[in-house]
């Protein structure tokens, strides 16, 4: 009977009744701000000719991905908090996890592309227009989505490829790797190794590109004689570095640790990178950016 059970049960963030309403109000507000901030930033870039440069081209895709993976998680979480019906179909669970894995992996590659863009702009300014041509930018974005799509297929097949038995209670507020794998009857060691290896390749691979890019940027900036030039260069990279630190810090904590070390604090960390981080990104990029503020003023 358990093998034919068609639904999973998401245990959610908390089972405390009095906390449901305040959490619903808080997360609804965060989700509305996330949509308004990211969609507003995309529209601003699209309608402002002065922002039609590679840096903001990548930023629009970054905002789009933030909207997408926040929407994969937040509406279901909000409905669970409001109505208390925390069931999700097997197909819904697979779809939610697959889309989440897809968009989070795309974000990793986009952050690497944005770091490379800053490296070329500061270290090779004379060849910037040729290297970061519109065609090259589209190719970087296309490769980001392609690599993320292949990775998401592997993540999903490894996570849901086994047989499930017993009470299908997912101890999380969405279908994530570790809580879903705990419900499988079959041996998950091979799946865990494959997922860990691929997450390491994606996470560390893109972070190495970011570190190398900013290492060269730092060396180029330190070689500048003009203090205003140094300040401008650091200012251009500051927003991206803040976003990278927040995103990769929480992601590495969640997915680059052994399965045995996962626990209740995973939910808190997951809330940060699935709900809070997409809300903060447009503010990180716009409040510290004179060009965006000027465009918004116009």
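Easy rule for this one: first residue shown is 1, then count along the chain.
Backbone N, Cα and C atoms are what each Cβ position is placed from, and that goes for glycine too.
Feature transmembrane segment, per TrEMBL, maps to range 193-212 of the set 173-192, 193-212. The transmembrane segment (268-287) makes no contact with the transmembrane segment (136-155), as judged by fewer than three Cβ pairs under 8 Å among residues 6 or more apart in sequence. Long-range contacts of the transmembrane segment (193-212) within its own chain (CB-CB distance under 8 A, at least 6 residues past either end) are made by residues 105, 108-109, 111-112, 115-116, 147, 151, 154-155, 158-159, 177, 244, 248, 251-252, 255-256. Long-range Cβ contacts of the transmembrane segment (55-77) within its own chain (Cβ-Cβ under 8 Å, at least 6 residues beyond either end) map to 10, 12-13, 27, 30-31, 34-35, 38-39, 41-42, 45-46, 88, 96, 99-100, 103-104, 106-107, 110-111, 113-114, 117-118, 121, 134, 137, 140-141, 144, 173-174, 274-275, 277-279, 281-282, 285.
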